[in-house]
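Annotated features, as they stand in TrEMBL:
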type: TRANSMEM; residues: 92-113; note: transmembrane segment
type: TRANSMEM; residues: 125-145; note: transmembrane segment
type: TRANSMEM; residues: 157-177; note: transmembrane segment
type: TRANSMEM; residues: 209-235; note: transmembrane segment
type: TRANSMEM; residues: 247-266; note: transmembrane segment
type: TRANSMEM; residues: 278-296; note: transmembrane segment
type: TRANSMEM; residues: 331-352; note: transmembrane segment
type: TRANSMEM; residues: 372-395; note: transmembrane segment
type: TRANSMEM; residues: 402-429; note: transmembrane segment
type: TRANSMEM; residues: 494-527; note: transmembrane segment
Amino acid sequence: MDSGEALLSQAVACTSCCGCGGGGTSAGEWARLLLTLPLELSAIGAKTEAHWLQRRNRSSWWRSNRFPKVPGDSLASIEANLPEPTSVWQKLVPLAVIFFCAGFNLTLIQNASHSLMVTSAGAEVLPFLASCGVLPASLAFFFFYGRLVELLPPAQIFYAAIAPLVAFYVAFAAVLYPAAPVLHPTGLAAALGPHLPVGFAGLLKMVEYWTYALFFCVAELWGPIVISVLFWTLANEVCTVQDARTIYPLMGIAANIALVVAGIFIKHVTAAVPQAGAALRVLMGAVLVLTGVMVATKAYMDRRVAVAARIAPPKAAPGSKRRGGLAESWATLRASPMIASLVMLVVAYSVSHRLFEFAWKGQLRMLFPSALAYQSVLADVSIATGYATIGLMLAGRLVFQFLGWGVAAATTPVVMAVTGGAFFAFSLFGSADTATLGVYAGAVTQVFARSSKFSLFDPAKEMVYIEMPAEEKRKGKAAVDLVGSQVGKSGASWIAQALLLALGSIAAALPIIAAIFGGVIAAWLAAVRHLNAQMEERERLARSSIAQSVTANGTGEAH
């Protein structure tokens, strides 16, 4: 039996015991089992494919006739490989609390900012916000964060970076939003619109509703700053590699539970508080409270949880020069077809999802024009995304092992093509009733695109690196992060802006957006097929090399 079955069988044996001192389990052993079982179940679900392969002496990880067991077949070996349960729980609980609160706040902030901006200014404003607002705000805040790193002790950076964000959210709900009718230059778009091309309407709306646009830009900073930088820096400091394989999957589940809880909370608030301003104050008040919980938990960790020692990066050899990051990334793309295919996957996902999102939110606004109704739909999407992500995280390992890497990697673009295609077809060729069906098909696309990002797309992308040499892996990651991420994030915004400037509105540009969406999905699937063939060829060559080595060794011994 495997490790999880061994622990469960021991639990069953304990419950069947009468409690006598002879063969029974003591209270201390029972408590240890209760502490260990969730950690071991988490370790079973961890995405440690390379570790499984190493322990099972398997060279192929994308095609297997039988499901590989987790390393360690006996309870004794499991307990020997697990970290001390008490120390793990001391790290897991506070980290899970912080991750839950951060994810909860992210859902509240983004849903509020998107619903407010789209229902007031239209979806045409989103591409301009992405390039003209969010990007400069991100660069400015990361410069501010760099100064904090230089000036403050490491333990204080978390508090100093998160404080201005939360202060602005509260100030917007309490001051800027009530004063918006006075602060906004109402009528600016109507006055200047006739003198400018129609495509500039989104930019004019962004200026006219500048307080909402500012709130939108600062709301977009919460994810990359608080979660990607602050939280994961903290997690990587307090967790060892041995801790991570147990703790990180459970933290991921906590984050997705936060999506569900936050969505339910938003729906209750919008139903109980019909005034948009009052509902916004309740949501931002909840953000303030949850941030207080995060700060208190971080303070507890500063006092009670030891920070793991970090290994300094190796120093470069004297006289050696490293080429610039972007130049090195382009050189890697030219030299490695596998890295080029990986970049294509990342670019295709980002461009197709972002273009679809622009189009879907424009149609969604027509069906739900009020901010509260729009926000309620986004809450439903968040709830469904949380449930879908948890389910796909649990099923993802089975998909990879039983159906293969190619099927797992192609699942996301295929489903996006089917559901996204239904959205565009209903929106373009249907009546008012079918347009409603199109909006719901778009909601399904949005749920799956976001949930599959963590459960199928990211693991598939990371698995490609397993078979690469160390140097190719290092350069490949840099190329994917620099080229793929930047081109993918910015490309869709620039495409949408060009279409808006040429055609005037998202509704008018919808046929071209649909054609580009279909073309990108087709290129995405072609990259998956090409990459799968490359990996199979590399595996074939590896097997051939191993066979030749064994044959040569055998011949040498015979002589």
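Cβ atoms are placed via backbone N, Cα and C, with glycine included.
What TrEMBL says about a protein is an automatic prediction, not a curated fact.
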(message) Out of 92-113, 125-145, 209-235, 247-266, 494-527, what stretch is closest in contact terms to the transmembrane segment (278-296), meaning most Cβ pairs under 8 angstroms?
(response) 92-113
(message) Can you tell me which recorded stretch out of 125-145, 209-235, 247-266, 372-395, 494-527 has the most Cβ pairs within less than 8 Å of the transmembrane segment (92-113)?
(response) 247-266
(request) Report the listed stretch (157-177, 209-235, 247-266, 494-527) having the maximum count of Cβ pairs within less than 8 Å of the transmembrane segment (125-145). (result) 209-235
(request) Considering only the recorded stretches 157-177, 247-266, 494-527, state which has the highest number of Cβ pairs under 8 Å to the transmembrane segment (209-235). (result) 157-177
(request) With a Cβ cut-off under 8 Å, give me the same-chain residues at least six positions beyond the ends of the transmembrane segment (157-177) that come close to it. (result) 109, 144-145, 148-149, 183, 211, 214-215, 218-219, 221-222, 225-226, 229-230, 234, 277, 280-281, 283-285, 287-288, 291, 294-295, 298
